[in-house]
């Protein structure tokens with residue numbers, strides 16, 4: 001926290017904020033909006049790829065080991081359609097979380113010109129991040145991996161290779177919900193399949209041999225149990241944070257709220273947008289293919305970070 005005159009002194013002596021840089025905050029924010037957001041973090045990219053591979057593995061076992069060999073046609077069709085729809089929604093939510101700007105503050109906007117435009121009152125206190133040289137909005141925190149200050153930053157999740165913040169928290173909540181649902185569905189199908197195989201003495205139970213079938217289903221059960229536990233806890237934590245209008249960082253730091261809290265339904269509506277509807281659980285809501293293609297064309301191979 002710095003006072004106005006302290007802040008001007010810091011700006012004048014900071015090499016990244018010289019007057020010759022001619023920083024334009026409006027053009028910087030517009031430039032950010034025109035580029036595809038992606039974090040080039042090795043650990044995060046590996047975790048994101050592992051997430052997709054684990055979902056694909058679960059889909060393979062459910063479809064080719066348990067459902068297609070089943071003699072009950074409608075059992076296979078209904079469960080196959082349901083599981084694959086949930087898997088598509090989960091992976092779509094994952095992509096939206098990973099490729100959506102979580103609410104990054106433009107780098108290096110702590111210039112005299114920008115602060116003059118803020119029309120601050122004498123003695124008014126503002127925040128400046130010494131790491132990314134930006135004016136830090138209220139409730140923003142700096143992420144060392146994204147190398148940005150993120151508005152309403154909840155945490156950085158390596159599984160989605162991104163921060164969870166003001167603009168992508170909705171998609172992260174949907175991701176945890178759909179992963180929990182397909183994990184529970186896979187565990188239920190495994191239970192039925194084991195019962196059916198044991199009752200039929202493992203004859204015509206699967207197109208694979210009994211040992212291979214057992215190994216594949218055991219790994220699926222372990223994966224389903226771990227993912228169900230993790231994502232169910234995360235989903236509950238996120239809903240609790242939204243209803244209390246408090247991020248995980250604010251809760252861990254026991255920060256006293258200086259903002260007007262939006263509790264319960266007001267908090268849910270601020271994150272998911274509008275009145276309760278099916279759009280709340282739709283990760284494709286607000287997605288425009290033409291806009292994405294234009295961003296990719298304009299931004300080329302560049303990224304926001």
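Note that Cβ sites are derived from N, Cα and C of the backbone, with glycine treated the same way.
Just so it is clear, the model here is predicted, and its values are computed rather than measured.
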Annotated stretch (transmembrane segment, per TrEMBL) among the listed ranges 42-67, 94-119: 42-67
Spatial neighbours of the transmembrane segment (171-194) far in sequence, C-beta under 8 Å, 6+ residues away: 55, 58, 61-62, 65-67, 79, 82-83, 86-87, 89-90, 93-94, 96-97, 100, 157, 160, 164, 205, 217, 220-221, 223-225, 227-228, 231-232, 234-235, 238-239, 242, 271, 281, 283
Long-range Cβ neighbours of the transmembrane segment (214-235) (under 8 Å; 6 or more residues past either end): 54, 57-58, 61-62, 65-66, 173, 175-177, 179-180, 183-184, 186-187, 190, 193-194, 208
